[in-house]
Amino acid sequence: MKLMCPMGWPWPRCAAGNGAAALRPAMALSCTLRLRQRHPLSAVLSSLPGWDRSLPAQKKAAQRKGKGKGGEGRSLPRSSWDERLADAVTPLWRFPYQEQLQVKYESQKKILQTLASCLEELGIGTQHPGGLCCPLQPIVPSPVINGYRNKSTFSVNRGPDGNPKTVGLYVGTGKARNIVCVKANHMENIPLKHKRVAQCYEDFIRHSPLDSCLLFHKGGHWRELVVRTTSHGHTMAIITFHPQDLGQEALATQKSLLKEFFTCGPGAVCALTSLYFQESTMTRCSHEQAPFQLLHGEPHIFEEVLGLKFRISPDAFFQVNTAGAEALYQAVGELGQVGGDTILLDICCGTGAIGLSLARRVSKVIGIEVVEKAIEDARWNAAFNGISNSEFHSGKAEAVLPQLLSSWEDAQPVVAVVNPSRAGLHYRVVRAIRNCRSIQRLLYISCKPEGEAMRNFTELCCPPDPGKKLLGDPFTPTLAIPFDMFPHTVHCELVLLLTR
């Protein structure tokens, strides 16, 4: 006898039944603007050797068969919409991997050349061969090229066929009013498990009588999906829902249906470790603004990096490429030249991965992170891994760091690591770092160094400016190492070592 859910799906028996086992088979401002004007992405790419949007037919055919260098196991997207999405999100996907690295390396050279020009205008002569502000090492390749993302965010909007309940990624822009949501089935950088969860979520909302929420003021409920996975096989799904004017009873019904679908229904094939639900009336919400509600499973998933176990909450930051993160963290330790008397200051620390991975090589680790749940994870991670020389502070870095540094004595050396969002560091954070004489080595990690990070670079390296309360000695760019954390895209993670 088939069980029928309230929405009409034929469901196998729930976990308590006999069929359960079968169901479990990511002047400073002017320099930034100048970089964007001089080197827009299209111009940077078109100026590089081998870049041609209209690839020759023979090369396309070779890649379709997976014969191109670095193209093993790849398949060309099947429709023009799939190709448009791949070109928008992963514009280097057609290129063999070694050519992708060359494109990115040339892009990083232009960024360092721009920084050198900015510093020269401030009277700081730092130019090295090639017009760079410091030596640039070869880009460190990603250990995993395809399906490397451990976190994917899927939107809900109208698809190419006009269906407003399509789950995928955007082609087009809101400004141009030409957004189309295209399924991510053929995206090279997204793992199969993420795509499976996205497809199941789409199946669920298409059976739901509730509309998708395309514009907040026009009603609708079903919004984005976030999928997080780990090398341990854990999968977390986070569904965002706009409550509009639904009452608590109606909300409880939707949560119950979601839980049943992903535990007893067709969605059970996803074998979710955790299923979260967030009622949100804003574009992005923290747990404090709109709590993540656990509908099913474990509250956390776990990952292992450099022999340490890390707990991950729904909104905690964790590097999107786990294998690449290991190489990045090892390099941070080497570049920082940390020792037994060193204090490692980890600003924007997320779950504490960088600091904890180096904790046994330093005197003390101090982490600062704005996401409170991430700090809870960091403290748990330290305790679970037997690390007792660490402390983690929750709050905005611009509020916590100045107070923290003002109480320090200058005797003990400090190595600072900053890994901010694309918005860069707040000015008060930059000022606190500049004015702390103990910080002689600073590692700035940025996934978008041509953006607001450029402003930070110039503020950290400019001559002392009493008017801006930048009183400490300036830093000097010493070495840059790009890490390819995002194969097939034009982005990479740049580690810039600054010393004084």
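Using the three backbone atoms N, Cα and C, a Cβ is placed for every residue, glycine included.
The region 'Disordered' annotation in TrEMBL covers 55-80.
Spatially close to Asn419 (S-adenosyl-L-methionine binding site) yet at least six residues away along the chain are Asp346, Ile347, Cys348, Cys349, Gly350, Ile354, Ile445, Ser446, judged by Cβ distances under 8 angstroms. What TrEMBL records for Gln319, Glu369, Asn419 is S-adenosyl-L-methionine binding site.
Taking the Cβ of Cys447 (active site, nucleophile) as reference, residues of its chain lying under 8 Å away and at least six apart in sequence are, in sequence order, Arg422, Met485, Phe486, His491, Cys492, Glu493, Leu494. According to TrEMBL, the feature active site, nucleophile maps to Cys447.
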Write out, in the order they occur in the sequence, the residues of the chain not among Gln319, Glu369, Asn419 that have a C-beta within 8 Å of the mean position of the C-beta atoms of the recorded S-adenosyl-L-methionine site.
Phe317, Phe318, Asp346, Cys348, Cys349, Gly350, Thr351, Ala353, Ile354, Ile445
